[in-house]
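Below is one structure, written out as structure tokens; comments come after it.
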């Protein structure tokens, strides 16, 4: 993974400064030439800029520039940054200007970038004015096409956000604003994933149609969307709710230990379920790119062994081995592709396809391994139907959370804590899918292992026993269970 280096303000010699200016000029012009739609400027104009113009950008006292570097050791100090900037490949850049201080009553929250474009309109508030707003503007964001889809853009944005924390201690609020090309959907989605929201539909800038976006930070050290409960946890509820996966995984493993014929392969789905909880929690605690990869891929570590189990329930060992090799190879290829590109479509197709296939094979197993009309079949169907409903409910809550994120955020700010926790739909996604996944894993394990169907609900954790006797199970039967 690339690291992000902050271009220093001072250089030991003119030679180092000249090299940095030249490398910055080369990267900027490469961006303008390779992807002109990503900029409001153009290559022809900036290619004619003299050295002094590029130097002024690097040494601008009111702006800082970050550079995404290729793989190498982490940059921990200004000395390390200069060494890395001179020796490693540059993959992308972003500049943050500011802060500009304005009174909260004067700022136009629908067009906060006017603080920069129409600065004469705004009077500087007193230094000790706690109602003042510190406004920063992100500009010049670019990643080389060959280095996109690897988290470089996200890490650049994260570093600019981190840079503003505590930079203006006299203010209670900090705004990060930017203008992005209206047709640059990929960039807009990147900013949205980093917490930005649209504050205007169209802004005319230098004959370009752009969209205004904003991220508000409260009390400087905490983001309005993150770190609300503790400075050590970015998304508290989204982190905490992952305990559902872990608890059900531990319960399933404990139940298997009580059975004499429970080999390691039967435990793999539960270990996968636990991995989902741990990896997802780590991601929501940190909101870092590499932990997002863990979160994304852990879902597949759970579905793949369950998929293998249902597909080979009646197969001979040879077919089981071949199926395992095919599924394992497909999973490995998807992991490599996803890590290299950060592309979610194929990941989503694989996940949804796996879940759908598991559901179809589970229905076949129920009909094949239980007697028609038996109490056992009724109870198992009740648990499976409930598991499918609550899993899909979680999935739709996750979709809604993405669709109306800004509205939900506004609602949470209105109702305040602790009731705002109820509107954390991503947390409900964890709870619902955790319950649904556990029920399917447990029922499939029971059916494939050929264990006695009597009192199957009693061996599963709540709410499975309730579901076995609920409306999801249908009407009871007087026939003898088998």
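The backbone N, Cα and C atoms fix where each Cβ goes, glycine too.
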(request) Looking at the candidate ranges 213-234, 345-366, report the one that TrEMBL labels transmembrane segment. (result) 345-366
(message) Between the candidate ranges 428-448, 449-469, where does TrEMBL place the transmembrane segment annotation?
(response) 428-448
(request) Taking TrEMBL at its word that 426, 430 bind Zn(2+), choose the one of 26, 284 listed for that site. (result) 284
(message) Just to be sure I understand the packing, how many Cβ atoms besides its own are within 10 Å of the Cβ of residue 426 (Zn(2+) binding site)?
(response) 19
(message) Sequence gap of 6 or more, Cβ distance under 8 Å: name the residues on the same chain that satisfy this around residue 284 (Zn(2+) binding site), in order along the sequence.
(response) 233, 234, 235, 238, 239, 242, 295
(request) Using Cβ atoms only, state whether the transmembrane segment (268-287) and the transmembrane segment (428-448) have three or more pairs under 8 Å that are 6 or more apart in sequence. (result) yes
(request) State the count of C-beta atoms found within 10 angstroms of the C-beta of residue 235 (Ca(2+) binding site), not counting that atom itself. (result) 23
(request) May I ask whether the transmembrane segment (345-366) has at least three C-beta pairs under 8 Å with the transmembrane segment (236-256), counting pairs 6 or more apart in sequence? (result) no
(request) Run through the Cβ atoms and count how many others sit within 10 Å of the one on residue 430 (Zn(2+) binding site). (result) 27
(message) So, three-state DSSP: helix, strand or coil for residue 235 (Ca(2+) binding site)?
(response) coil
